[in-house]
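See structure below.
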Amino acid sequence: MSQTRGRYDFFIGLVLAMSSSIFIGGSFILKKKGLLRLARKGSMRAGQGGHAYLKEWLWWAGLLSMGAGEVANFAAYAFAPATLVTPLGALSVLVSAILSSFFLNEKLNLHGKIGCVLSILGSTVMVIHAPQEEEVETLNEMSHKLGDPGFVVFATVVVIVSLILIFVVGPRHGQTNILVYITICSVIGALSVSCVKGLGITIKELFAGKPVLKHPLSWILLLSLIVCVSTQINYLNRALDIFNTSIVTPIYYVIFTTSVLTCSAILFKEWQHMAADDIIGTFSGFLTIIVGIFLLHAFKDVNFTLANLPLSLRKDERAANGTLLSTYDCFNHDEESSACEIQSTESLSARRNGSLSAF
């Protein structure tokens, strides 16, 4: 019976995590369009500390979409381990990339499509090899976990680093370095996931008729979650306003996922009883996702599709054979104009150096 219940919870968590990624991926687009509209109106930008986006309905639509995604994500953590739910956040990157190509005029070329496939494959591998967390069924057990010295040290380091980034590094380098605001969102997000997991257990016990509202940890977790989420929203807005969505989204995913996996491993001791193949599989899946996200966004401005792939292969073949482009090629194929310019430059240089190869 417990095994059947566990599989039932697994699939509920899986569906909730996937729906969460769809809502969250769409929220990036809605909020970005709202911020762009404000910029065209001349309002003070969020990256400069302005809050005019609170009057923009598109931004609110994005916030509601993110709220729906976070609620689904919240519920997913209550049914499934963090190492299953968190990697599926890569789907929000894919949703964001696809919607950006339609609504923000950000192209999705061949590299991007390959990156999407790799991200999905990496997520699948991570789900298959995901470590199993220790069973935490009651709020008292969660309280014991949160009081573990390892987690206390981790949480203290996260708070100290976040405060330094917010009050020291942010005012100086936040406008020019994309990692500052995203790092704040990501490391704080690791703590918010722990709060969500604890509140999920609280809700389960509440429905079971236990007096969890009298437990002080319930209110501590709720207050901590509000503070963490508010901080994340504020600094994610700043990052989205200053930098391109296609850059913010993947970097945020990588740092956030790494932070959550680290926090979850420390809090729930997930890696202690893992087999070697599962450890390798988990890291391989995560690295595959990173490579996929890199391909998805690093070459987004390169106009490279399957249609011009044969042309690229012909250029490489000619270069390998040492043949020169004909005059007909130079004057009748716009795609090869750059190659002609390079060839002409190299030929002129060879003549100046007295090389017979130029002739």
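Cβ coordinates come from backbone N, Cα and C, glycine included.
Automatic prediction, not curation, is the source of TrEMBL annotations.
Remember, it's a predicted structure, so these values are computed and weren't measured experimentally.
These features come from TrEMBL:
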- 12-30: transmembrane segment (TRANSMEM)
- 57-79: transmembrane segment (TRANSMEM)
- 85-104: transmembrane segment (TRANSMEM)
- 111-130: transmembrane segment (TRANSMEM)
- 150-171: transmembrane segment (TRANSMEM)
- 178-199: transmembrane segment (TRANSMEM)
- 219-236: transmembrane segment (TRANSMEM)
- 248-267: transmembrane segment (TRANSMEM)
- 279-299: transmembrane segment (TRANSMEM)
Candidate ranges 12-30, 57-79, 111-130, 150-171, 219-236 - greatest C-beta contact count to the transmembrane segment (85-104) (under 8 angstroms): 12-30
Selected stretch (most C-beta pairs under 8 A with the transmembrane segment (150-171)) from 111-130, 219-236, 248-267: 248-267
Cβ-Cβ under 8 Å with the transmembrane segment (57-79): same-chain residues at least 6 beyond its ends: 9-10, 12-14, 16-17, 19-24, 26-35, 37-38, 85, 92, 193, 196-197, 199-201, 203-204, 229, 233
For the transmembrane segment (248-267), sequence-distant contacts whose Cβ falls under 8 Å of one of its Cβ atoms, 6 or more beyond its ends: 28, 81-83, 86-87, 89-90, 92-93, 96-97, 131, 133, 145-146, 148, 150-151, 154, 158, 178-179, 182-183, 185-187, 189-191, 193-194, 236, 239-240, 286, 289-290, 293-294, 296-297
Contacting positions for the transmembrane segment (111-130) when only residues 6+ beyond its ends and CB under 8 Å are counted: 14, 81, 83-84, 87-88, 90-91, 93-94, 97-98, 277-282, 284-300, 302, 304
